[in-house]
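Quick notes on the structure that follows.
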Amino acid sequence: MLLAWVQAFLVSNMLLAEAYGSGGCFWDNGHLYREDQTSPAPGLRCLNWLDAQSGLASAPVSGAGNHSYCRNPDEDPRGPWCYVSGEAGVPEKRPCENLSCPETTSQALPASTTEIEEASEGPGADEVQVFAPANALPARSEAAAVQPVIGISQRVRMNSKEKKDLGTLGYVLGITMMVIIVAIGAGIILGYSYKRGKDLKEQHDQKVCEREMQRITLPLSAFTNPTCEIVDEKTVVVHTSQTPVDPQEGSTPLMGQAGTPGA
C-alpha cells in the first residue's frame, strides 16, 4: 500500500518537473543570466518571441526560439531583453531586470580568443549571415563583423536541452495524469479494504458455524461410546413340571401317599 503511494508521488513530481522545466543559466557578453526568466520587471510578462516578431518588421532575423524567456538575440549592451505588450498592443522591447545567475564550478566558460579566431576563419560568407542580425545599425558596423562569433559563444548553455513551453494543453495533461494516478491509488486502497473486510467476515462466519456444529454433535457422541451401550434384557421363564419316572425296586417309599406306613 505504501509502495503504491510512493510511486504515485514520484510520478507526480516527474510530471511537474517536465511541465515547468528545470532552471539554468546562459552566457551573454561575459555574464551569466538566468535562462527561465519570463518577466522583465514586476508586473510585466514577456511575449512569445515568434508571436512578437511576426508583427514586427525590424525584429532580429535569428530570433530566440518558440518561448517567452529573456534573451539577447541582437547583442544589446544592456543585456537580455524581451518583448512586452505596449499601450496600443504593439510589442515593445524591454530590458530584463534582476537576471543575474550565480556562477558555479560546473559551469562552462565562454570560448577562448583562439577559438573565436578559428571560428571567424572557418565558416563562409553564407554561414556568417545566419548569425548576423538583419537590423544592425550603421554606427555598430565594426561590432557587427564579430557578432557572428559572439552569437556562437552565446549558444553555450548550461543545459544542452532547450526548454519548451508546453502551453495550456501540457498543463492540462499533467493535471489529468495526476488525477488519474490519485484515483488509481484510492481504488487500490478501497479494493484492499473491501477484500480484507470480506475475508474477516468469512472467517467469523466459519468459526460461528464450527461452534454450532460442535454444540449439535456433542449429545450424539455419548451414544457412540461403547461403555454406554444399552443391552436388551431377556426374561428366562423356569417351568416346575416334572417328568414321570418309572418306579424301581428299592425305590418304593416306606410311606404311602396317604401317610400310612407300609402301604
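Any Cβ shown, glycine's included, is placed from N, Cα and C.
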Annotated N-linked glycosylation site residue, as Swiss-Prot has it, among ASN66, ASN98: ASN98
Disulfide-bonded cysteine for CYS82 as listed in Swiss-Prot, from CYS25, CYS46: CYS46
Pairwise Cα distance for CYS101 (disulfide bond)/CYS82 (disulfide bond) [Å, integer]: 17
Helix, strand and coil counts within the domain 'Kringle' (24-101) (DSSP): 6 helix, 20 strand, 52 coil
Mean of the pLDDT scores, which run from 0 to 100, over the topological domain 'Cytoplasmic' (190-263): 70
